């Protein structure tokens, strides 16, 4: 025992000599915001993962997206920050990992989702289409489950192959090598991930088994016929590729498959379109904007349901009295 202790002391002393000018450091292990927590990749300048806790109660509230602005996170040293200028003209959208709509309960919490530490370069069509429907699905889970915990983040996955000639023991051989290729944008060289992931743990009560779902989604346009279940993977696949053990305190052997339990059905594309037209109708501040939103139904050949028609008539009456 004494020999082992002395050995550790010797190694520690040698370590202090080697690291005379300090131990190389990164950002804090976890950054805690008002309603989400995250780990930030200072080299790639995008979040490694972002965690949220959704309930039916905390999704309600009066926070407004219009009052929010994308901005750099001043808590980071300047050289590790991404900036709005990096995204402008890049062809990539500023994709939230913790969506603003998950944080309506508190304006300050919603504001924090616009910090660029929560943002990564996302394909525009993916962000406004499939991924948006995925986020709606996550919020809808709170209608069935008491607690929904979500971890979202980025992955860099092999996206190409090429044959190369190598010398092995003096003999030349041709082998196939995989590679990971991704663009960087702006002066800050913000990395564009090849894939995004979400891990969902949903609980109906504190006693029952948790429902677990893990998904990897390519950061590219995804046509409307694709189903969420096509992108479901074992949790270990995401952990292996991300380098993070994402749910160390969860006993995976006692979980249920979320998609077997829930079905993992995304909102149909037609209902998705109606949902966002409804938001524009309810948020219209002028008669012109209201009519423009209503006209969109005809252009897209959509039939409004009773609730949407009522919302339109009520908003029209409200605006006509101003």
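Every residue gets a Cβ built from N, Cα and C, even glycine.
Nobody curates TrEMBL annotations by hand; they come from automatic prediction.
Feature annotations, reproduced from TrEMBL:
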ACT_SITE  96  active site, proton acceptor
BINDING   127  Mg(2+) binding site
DOMAIN    32-253  domain 'DNA/RNA non-specific endonuclease/pyrophosphatase/phosphodiesterase'
DOMAIN    33-253  domain 'ENPP1-3/EXOG-like endonuclease/phosphodiesterase'
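Least packed by the Cβ count within 10 Å, out of the recorded positions 96, 127, is 127. DSSP classifies the residue listed as 'Mg(2+) binding site' as helix under the three-state reduction. The separation of residue 96 (active site, proton acceptor) from residue 127 (Mg(2+) binding site), Cα to Cα, is 9 Å. According to DSSP, the residue listed as 'active site, proton acceptor' is assigned to a strand segment.
Looking just at the domain 'DNA/RNA non-specific endonuclease/pyrophosphatase/phosphodiesterase' (32-253), the mean pLDDT is 96.
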